[in-house]
Amino acid sequence: MSVNPDIQVERDTATFRSIDVTHMLDGSPEATNQRRIRQKQIGDDPQINRRNIIFMSHEERYEAAIARGLRIEQLKAEHDWDIMDENNAIMWCFSDIAMFVHKVMFIPAIERLGNKEQHDKWLPLAIDHKILGTYAQTELGHGTFLRGLEMEARYDKSTEEFVISTPKHSSMKWWPGSLGHSSSHAVLLATLYIDDQNCGMQPFIVQLRDLNTWKPLPGVEVGGIGPKMALATTDNGFLVLNNVRIPRDQMLMKYAQVSKDGKFTKSGAAKANYSTMMLVRVGIAHSCYFSLAVGATIVTRYSAVRRQGEIKPGAPEVKILDYQTQQLKVIPSIATAYAFHFCKEHLKWYYIETFQQIQQNDFSGLPEIHCVTSGLKAYMSDIATAQLETLRRACGGNGYLLSNGITNTYIQTLALPTVEGENTVLYLQVARYLMKCLKVAATGEAVKGSLSYMNEKIKTPYTSGLVTREDYSNVKKLLKLYQNMTVRLTQKAGDHLNKLHVSGQPKYEAWNNTSVQLVNAAKAYCQTYVLGMNIEGLSTQAVDLPGDALEVIHQLCVFYALHGITEQSGNFLETGCINITELHIIQQEAQEMMAKIRKNAVALVDAFDIPDNLLNSTLGCYDGNAYQHLYDSAKSDPMNQKQVLPAFEKYIKPMLQGKHTSKL
Ligand SMILES: CCCCCCCCCCCCCCCCCCCCC/C=C/C(=O)SCCNC(=O)CCNC(=O)[C@H](O)C(C)(C)COP(=O)(O)OP(=O)(O)OC[C@H]1O[C@@H](n2cnc3c(N)ncnc32)[C@H](O)[C@@H]1OP(=O)(O)O
Ligand SMILES: Cc1cc2nc3c(=O)[nH]c(=O)nc-3n(C[C@H](O)[C@H](O)[C@H](O)COP(=O)(O)OP(=O)(O)OC[C@H]3O[C@@H](n4cnc5c(N)ncnc54)[C@H](O)[C@@H]3O)c2cc1C
């Protein structure tokens, strides 16, 4: 099929070469080649390819998802993939791999929470798929408030075993992925009791199913929790344990230990047992970038080939991408995807470095990385889901089809604001950190890390520093506005908290009565962090780009900053970080920048270099022949393989012949 001329012209008139930006996103031309080889291995594989999933039943999809997980393992062995190759493969299909929790949570939990002997025993079994596991933490009654977990593990000194039980409905495990039908084992988080003394939430390895028959073991009641919005193949489950006994060495004992005679000891940081969640929060930030890159690619290409209506009366119908309002739906998502790219790259290295320190029992970096990973997980998933919905609607009626590729991406991404810590709760963790840093700054001590900008006192009366027109595209000046806005919102929340406390409210009550302001400040911190990483990326990752490409990536960053101000203008105005005249100029600059970026929109999404067999979209194929692909997809629907369906003889015909009664 030849390329649609409407999309070809976009590529021909772009001011830079997409491939240069692709190399930047991958890190180097060699890395691009390597990624392409890997993507071809997964995209071309008939067992991994997900072209037909939209027509499958739940059970067919589940089976295909198991086969897909297995196939990824085979490809990994055949082609000697490293951990990031494997992560990327999982990322591409995570909504359709039944056992991905085994990979992204069960194994990491054993690695992080187990001691040397436990690693030696369990990791080979898990890595070789001799056992399949889930991460069972959430209960029917508690998901967020982990100190409230009610499943009990009581130590029995006489037999050196833990006895695990579910005392009431609210204490059953509820939600763990792959628990329903696909796990033989679980890393199970339960409250440990020794001689009736509560020793807090601890991790245990519990076998749930017989490895030969796959039947639940005695005392284990397990099953699926029912159909969900998406992620149909991650069979989330429930689990009731009736006095199930496990040996003492099946408590994962890296950070807390129980001796044979029932002595409880702790080592490491208080929240060290929460470290698996931190890794997955980093994974979620990566996933938000991927989802947005997919969405932006599909909708930008579709908007460049769909013509409808006219701008100039009587002139030929225009591409919908030429409507300014359509640009406002599409261009922010391109700019955000690039900002998220820089941010997730930074986060990956930051996490790896801090994790190495933690492995060496240096926990000093934990509070800051907990704040950053919690905040970015929340912020990036909030923004990604909001923008994906805007993008989906930007496809008009075809945005409601499953074959468009964006709907599936959107509904699977919708899980991310909830999993691994509900977003509001995570913003409140960020706010805790903000309040601590505010206290440090108030004492005159230097705040370190991502909030070091708090050290600079904001002068009153304050000027924004935006003097010349050039200042409005100076990303460092724009970043300063964001930082000041964050500090002021933090101060405001802090003042409110103090005021309530001084007026007699206990601290916990004052906290709850300030939580709206606190979340607002936390979001501002996250937005500022993402912009900061985008700007850092310009001078690190983008610096070697040819001038024309660098200019476009710079424009995107400027637009990201300006557009962010227009979206949050209330916060900027209220804190006095800009005035109304400056806001008007910012709005105008943002619109002008958007028009410049429009020229390169298709080339910018091409640079994400997502092959058609992973994009899985009728609307967003590289060749731009959306209508042909829509038609082909409709024709391949199994319902269309018969001209007359059985329902005709059964119901429609009797009805047409007046033979129907109230009892069909
Ligand atoms: C090689 C590696 C490189 C990495 C690259 C990654 C590449 C990516 C590849 C990944 C592949 C694909 C990924 C696809 C992504 C899709 C993922 C989909 C996943 C679906 C599966 C979902 C699983 C789950 O949902 S599991 C269950 C998760 N549950 C939660 O998250 C519970 C939420 N609750 C909490 O976290 C806590 O309880 C919280 C935060 C509410 C607080 O708890 P608390 O006990 O009440 O504590 P509190 O009193 O508030 O605070 C005390 C103190 O402790 C600090 N704290 C809290 N949490 C932590 C932490 N995690 N770490 C450190 N410190 C913590 C808190 O701040 C307080 O401190 P102080 O203020 O100093 O007292
Ligand atoms: C698709 C999916 C997959 C999952 N996979 C797993 C898994 O593999 N393993 C696992 O263990 N769990 C899993 N979960 C569970 C998930 O981690 C929890 O649902 C999540 O942590 C939220 O907890 P909750 O359901 O208790 O929400 P709740 O805490 O009940 O949240 C409900 C509302 O209460 C608010 N709220 C709660 N506490 C506070 C507070 N302190 N301050 C202010 N507001 C508050 C929240 O903001 C939210 O608006 C999964 C969930 C989903 C949807």
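Glycine is no exception: its Cβ is also placed from the backbone N, Cα and C atoms.
Per TrEMBL, the features are as follows:
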DOMAIN    21-131  domain 'Acyl-coenzyme A oxidase N-terminal'
BINDING   T138, G177  FAD binding site
DOMAIN    274-435  domain 'Acyl-CoA oxidase C-alpha1'
ACT_SITE  E420  active site, proton acceptor
DOMAIN    475-657  domain 'Acyl-CoA oxidase C-terminal'
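Feature annotations (TrEMBL) mapped to structure.
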residue	record	DSSP class
T138	FAD binding site	coil
G177	FAD binding site	coil
E420	active site, proton acceptor	coil
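Taking the Cβ of T138 (FAD binding site) as centre and 10 Å as the limit, one finds 18 other Cβ atoms among all the protein chains shown. Residue counts for the domain 'Acyl-coenzyme A oxidase N-terminal' (21-131) under DSSP (helix as H, G, I; strand as E, B; rest coil) come to 86 helix, 0 strand, 25 coil. Residues near the residue listed as 'active site, proton acceptor' in space but far in sequence (CB under 8 A, at least 6 apart, same chain), listed by position: M277, V280, R281, I284, K377. For G177 (FAD binding site), the count of additional Cβ atoms within 10 Å of its Cβ stands at 26 [all protein chains shown]. In the predicted model, residues of the domain 'Acyl-CoA oxidase C-terminal' (475-657) average a pLDDT of 97.
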